[in-house]
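In Swiss-Prot this protein carries:
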DOMAIN    23-37  domain 'EF-hand 1'
DOMAIN    54-89  domain 'EF-hand 2'
BINDING   Asp67, Asn69, Asp71, Arg73, Glu78  Ca(2+) binding site
REGION    97-124  region 'Disordered'
Amino acid sequence: MADCYTELEKAVVVLVENFYKYVSKHSLVKNKISKSSFRKMLQRELNHMLTDTGNRKAADKLIQNLDANHDGRICFDEYWTMIGGITSPMANLIRQQECQQESQQECQQESQQESQQESQQGSS
């Protein structure tokens, strides 16, 4: 069945599987990643996209920021928030690279059109 998945579907499956790879099987708290496992995940899985993944204080700060319910563990929704926080700047970076490859004039025209639309919406 996995062979028929699209690239996007495969990417979602990888993200979900990655979460459960770091959930402790022996924990009393099910379906959550402990601080130590989360630090391991950052170091092993996101060391190219996030800076200071080996820095314990930086990892603990990220955990604190993600841990919406303040239980000291990362649930799937909190993990997904982190993924969104990574992908949004990545999307902007990819778009900037695409703009550099296209003619600057086309990107400027697109940007001007967007600005005009925003100003028209703002004056409405």
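From the backbone N, Cα and C atoms, a Cβ is placed for every residue, glycine too.
Keep in mind that what you see is a predicted model, and the values were worked out from it rather than measured.
Feature map: annotations from Swiss-Prot on the structure.
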| residue | record | Cβ neighbours (10 Å) |
| --- | --- | --- |
| Asp67 | Ca(2+) binding site | 17 |
| Asn69 | Ca(2+) binding site | 10 |
| Asp71 | Ca(2+) binding site | 11 |
| Arg73 | Ca(2+) binding site | 20 |
| Glu78 | Ca(2+) binding site | 19 |
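When the domain 'EF-hand 2' (54-89) is classified with DSSP, helix, strand and coil residues number 25 helix, 2 strand, 9 coil. Cβ proximity to the Ca(2+) site centre (mean Cβ of Asp67, Asn69, Asp71, Arg73, Glu78, cutoff 8 Å) flags the following additional same-chain residues: Lys32, Leu66, Ala68, His70, Gly72, Ile74, Cys75.
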